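According to TrEMBL, the signal peptide annotation covers 1-25. The feature domain 'FZ' is assigned by TrEMBL to 29-146. If you look up TrEMBL, you'll see 44-90, 109-133 marked as disulfide bond. The annotation domain 'NTR' is assigned in TrEMBL to 163-289.
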């Protein structure tokens, strides 16, 4: 099993208990009250409005229950599966306090589901019935619409969270790094630039003048920059973990080619203190991998 399973299991247990068909209609027949969104509700505190209705649109009766249930979603948001995931979830967990109930638009639900359901599927769990997008109003009705649109992202693909937990590696020994380069399809030394620090999901660019191909494997050398830019565009979780909040950085990354994309398996920060990494890169030109040595 993967280390991310416990939080998803807890999340699904709670969600599947909420899915009674009459829950949405019965809510409308009950009175609700406005209350400040507390600091302890990390999912929705400072979302852009300060008061929410309770009971909420997921039938939570008390603030204790709201905080407990909403916290189950924080790890999913950390995977950055969709820039509007927080807006969608908070429209249900902490509905804005207006004269009438405002549901999320069906298109908002569908957009978030497209990007986030695959992350849950990584761990074997389905998108819960309580979040069935058909329950939400069509876009021409009064509802909360998506903030991120295809127009805003131009030709770039919507970032997708990776099923694989990708972290910056410690350059332990020169031999271990060389073995890693041998077992992966490709290895490159690259410079990554963060384009912004304000949106939910940051955009990253590859510095095309700072791409040093150590191993191209099944890829053509000329296509590597474009393939790596695609990786930066769609694998938000991995890139965020590697960058660790920095604006720019030089890294040695290696990975495998999977049909129409590349997947980075290992990433090392190119820093003076990483002497083993520097030595491994110097030795790589003359290094013979085990399968080549025979």
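In case you wondered, yes, glycine gets a Cβ from its N, Cα and C as well.
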Mean of pLDDT values spanning the domain 'FZ' (29-146): 88
Position of peak Cβ density within 10 Å, selected from the disulfide-bonded residues 90, 133: 90
